[in-house]
Amino acid sequence: MQADFVIIGSGSAGSALAYRLSEGGKNSVIVIEAGGSDFGPFIQMPAALAWPMSMKRYNWGYLSEPEANLNNRRITAPRGKVIGGSSSINGMVYVRGHAEDFNRWEELGASGWAYADVLPYFKRMEHSHGGEEGWRGTDGPLHVQRGGFTNPLFQAFVEAGKQAGFETTEDYNGSKQEGFGLMEQTIFGGRRWSAANAYLKPALKRDNVKIVYGLAQRIVIEDGRATGVEIERNGRIEVVKANREVIVSASSFNSPKLLMLSGIGPGQHLQDMGIAVKADRPGVGANLQDHMEFYFQQVSTKPVSLYSWLPWFWQGVAGAQWLLSRGGLGASNQFEACAFLRSAPGLKQPDIQYHFLPVAISYDGKAAAKSHGFQVHVGYNLSKSRGSVSLRSADPKADPVLRFNYMSHAEDWEKFRHCVRLTREIFGQSAFHDYRGPEIQPGEGVQSDEEIDAFLREHLESAYHPCGTCRMGAKDDPMAVVDPQTRVIGIDGLRVADSSIFPHVTYGNLNGPSIMTGEKAADHILGKQPLARSNQEPWINPRAAVSDR
């Protein structure tokens, strides 16, 4: 088997790459995917979002090493093992990120990836339904919508934000990237609109695109050039030959793992694993970043939450309605209100993110209390804590070693304490007067710094936004893995394009910027002139120096 371009991974970036590299029919593309089909309601029905993440069929099922600052808990670290990758098992929340995120990328050496550079690619990929005119794309492959916003608890949340003195925004993916407002979703026609549905399946209708199901073992490197990929398929080892380039889009865990298995990474670590060093790049696997969050939960005194739909019978009713009409509760992820807030005056951008949910549930999807309730997922999104990905052994089937070092920076504790107290202030506004019952979690007895810290150690979880482990930077940066054209430094014919190349975590969910990365990388790979830089300037809060807390 051979193709001009061989892409490892059919996730958010990999699917976009397959679509763009194969346009026009000139170039042949093979996509290697370790997982399988996304057929069925567990993935396609938006309200079933908790299911695929808990199923080994769709999820690599990784765990972190014991986290010292979180009571030595091993934190779940899911990644999609299915066409569409993590876009097929995620929460379907669409966030581009803040303009400052991408300007920071350029400051860190990713020349040509500032906000003005990436905004045209966000527009190219989007088919926005109801976004801000002039700031959003309207004919791209990725459908982005807003929910019905019919539950009164959503409206109470946004109104409470206004009462607390915060901004509101009509479109946080438009010019005003701060405040309370409606959440955007990658849902279309009542279905999850994953990267597979948006990009990969249309690409596979072309004669020049093929998907091969198998586990990538290593990249074949000959005389300093990547020439193919060794895969295991149906119990046999095969080589997929790349006539032009190999592109790794296997996730922030598996992209560095695959590079290291191929001899690209920290030299001493590779030698310890018995792997011949092809390129000593100490940045491979370093710089692991993520978002953390916790659930803040409140009893609702009125029966307006989704609690009534949690019993199996009513879940079945919702599922049947969705199967028949692609409508009803099954057609929404139920994340329809959100907020992006600054935790202190003087900050250039928001650093706290809220997802509001009109039900109080635990991480396994079960009711947190035997009553109606509501909750927010809240987290500090600009942590300075950094971790790493390394090899457990030279066996391609062995899980990578994930050390996040969560909460290893003193500022993290300060910011998360602030999240607890700020959420109490928001839920304490008069907008929630008709709904606010007792606090379920953290609990009204959790007040002091020490009590809050104890709660956080036991209840903080990953928001599932890992990135940064094959960092993009200047060619002379010893910790950079790829240059701003996404080429692996030191090896010809090899690129990485996914969230692993992010120099710094973006503020918000990562599916959107990961797809953008695939879109932009495709132009670099094809030698095209990048899309013209945007001259649009995002809104700046005129009260930024004195407002918020």
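Positions of Cβ are set from backbone N, Cα and C atoms, glycine also.
Residues or ranges marked as active site, proton acceptor in Swiss-Prot (evidence: sequence analysis): His465. Its Cβ placed at the centre, His465 (active site, proton acceptor) has 26 other Cβ atoms within 10 Å.
Under the three-state DSSP scheme, Asp4 (FAD binding site) falls in the strand class. According to Swiss-Prot, the feature FAD binding site maps to 4-33, an assignment based on sequence analysis.
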Tell me, by DSSP, whether Ser12 (FAD binding site) is helix, strand or coil?
helix
Restricting to the same chain and to sequence separations of six or more, state which residues have a Cβ under 8 Å from that of Ala16 (FAD binding site).
Met125, Ala195, Tyr199, Ile515, Gly518, Glu519, Ala522
Spatial neighbours, same chain, of Arg20 (FAD binding site) - Cβ under 8 Å, 6+ residues apart
Gly518, Glu519, Ala522, Asp523, Leu526
If you count the C-beta atoms lying within 10 Å of each candidate's C-beta, which of the binding-site residues Ser12, Ser28 ends up with the smallest number?
Ser28
Please give me the CB contact count at 10 A for Ile8 (FAD binding site), counting all chains in the structure.
25
